[in-house]
Amino acid sequence: MASIVCPKLGGFPARCRQWKLPRIQFLEKNMYTVWEKQGFNCQKSIKTPHALATEVSFKASTPLNDKDSMLANYVPIYVMLQKERLTREKLEIITNDNVLKDKEGLEKQLKQLKDAGVDGVMCDVWWGIVESKGPKEYDWRAYRTLFQLVQDCKMKMQVVMSFHQCGGNIGDVVNIPIPHWVRDVGVTDPDIFYTDRVGNRNVEYLTIGVDNQPLFGGRTAIEMYSDYMKSFKENMVDFLEAELFTDIEVGLGPAGELRYPSYPQSQGWAFPGIGEFQCYDKYLKADFEEATTKVGHPDWEFPNDAGEYNNKPNETGFFGSEGYLSEKGKFFLTWYSNKLLIHGDEILEEANKAFMGCKVKLACKISGIHWWYKDETHAAELTAGYYNLNDRDGYCPIARMLSRHYAAFNFTCLEMRDSEQPTSAKSGPQELVQQVFTAVKREEGIMAGENALERYDYKAYNQILLSVRPNGINRKESPKLKMEALTFLRLGDDLLLKKNYNLFKRFVKKLHADQEYCSDLRKYSTVVPLERSKPKIPIEELLEATERIESFPFDDHTDMSVGGQLNDFIDGFFNMIPFF
């Protein structure tokens, strides 16, 4: 979960401020005309670094005085609360019975984070817990107790509107399903869940095919999400007014990420499998049939040769024989990825209505699917809904959509390096982060991020520091490339072990650009009431954003290193001495 406080010297593109566009439907009224005009031509050239420099502009930086110059480099860190406390007995932070467990133990951990200079914490606010008793029967008591505890510890919070199931993904050790009364609808209508080609259902998150289907006691999925967020706002007015929450991340898919559940461990997926398309429920099938009929190809169907979860690209016809580059393949991938954009846009519209006027920002989490990134097919990204190729940018349209809601683009895998990945997976996490950072800045959006895996070593920390400030600190003015916050995975006994905790404190200080902890966000960010979302963006403008440009260059190493192998050895020696 990423912070979405706005950069003090940042802004949004003039295009966004000047939009006077009719509120038209995102896809249904425009896609087919645009598709015909484009002639299925996705073979666009990548622009040169010179084009990048001239077309991706920054706001002119204002020189800063000595007191503020280093604070402009300050990156706040929010530590993700564990889904359960891994002590002798497993204790969930908030149980399925909606009870905050081991408050004293959690308070002790929060104080340790505070002593390390941590700015705040992040937590999931589970739909499956709060609205478990029945439709619109919300119980926020346990979360209010948790929020009060964090406030008493003088920390800030990021909160996630978690409309997905906890369980079935990497790092999940507890199970919090979506509300039972929602799942009950699936007993008679299993197509409310994402479905793969052979009919396996995924109960982590409702399919986007039912976003606007009134199947849940007369409410649609989007109406349920909207009502939940409105109830949160109504019941947390005091915390909102006290500015406890820096941002509200809206869960938009499995693991809270805007994507399809293309690589679920519950279905046997294992890294680096390409995953499978997840659009075979009857609602998405009907939508696709309508789309193909409108363009005069009612005979087109979903790919039947895209392989299985653990295939490699070259083992499938769709990817290996370049079916994804055919006219039919391009149409399918455009439809598949645009449905995801529509889904995110419509729910963020509701989130904006719910929290408008509050001094928070919205955020959306995007998965860092780095395996097969260096393969021509980008197969794993495509099955997840990110239509990204070497000559087509799949992330800039997302950034453009988020910018209309003043929402941060929260990206994962900041700690990963290419050299740590198996060569057979053709992974490119470093290049992927560069591409995404460039896409967000191209749209003058808000960039934030988090690590994907729990790591407490100097190599991971140094890579994160490079990712959040890829061109280092600027001692004279606000750095042009800087993430607005880092969400760190995660709080637990491992993090607080002596050897890990000492290095973590050094890491926090480097994120803060060697500055002392700053409690006033206004000294390095702008805290303003959330504005109304800008007008909807026609599909024409979104498709324009798919043109690839060269990524911003990143430095080879961070200028705020926590140390290397020698420091690691020295730290290990002193960690064996009790009084250090």
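Yeah, the Cβs are placed from backbone N, Cα and C, and that goes for glycine too.
A TrEMBL annotation is a machine prediction, not a hand-curated record.
Annotation comment: TrEMBL describes Asp124, His164, Asp172, Lys365, His370, Thr412, Asn451, Ala452, Arg490 as substrate binding site. Of all Cβ atoms in the shown protein chains, 25 besides its own fall within 10 Å of the Cβ of His370 (substrate binding site).
Residues or ranges marked as active site, proton donor in TrEMBL: Glu257.
The annotation active site, proton acceptor is assigned in TrEMBL to Glu450.
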**Asked** What's the CA-CA gap between Asn451 (substrate binding site) and Glu257 (active site, proton donor) in angstrom, rounded?
**Response** 14
**Message:** These are the recorded positions: Asp124, Glu257, Glu450. Which one scores highest on other Cβ atoms within 10 Å?
**Reply:** Glu450
**Prompt:** At the Cα level, what's the spacing in Å between Asp124 (substrate binding site) and Glu450 (active site, proton acceptor), rounded?
**Reply:** 15
**Asked** What is the one among the binding-site residues Asn451, Arg490 whose Cβ has the most other Cβ atoms less than or equal to 10 Å away?
**Response** Asn451
**Asked** Where Glu257 (active site, proton donor) and His370 (substrate binding site) are concerned, what is their Cα separation in Å, rounded?
**Response** 15
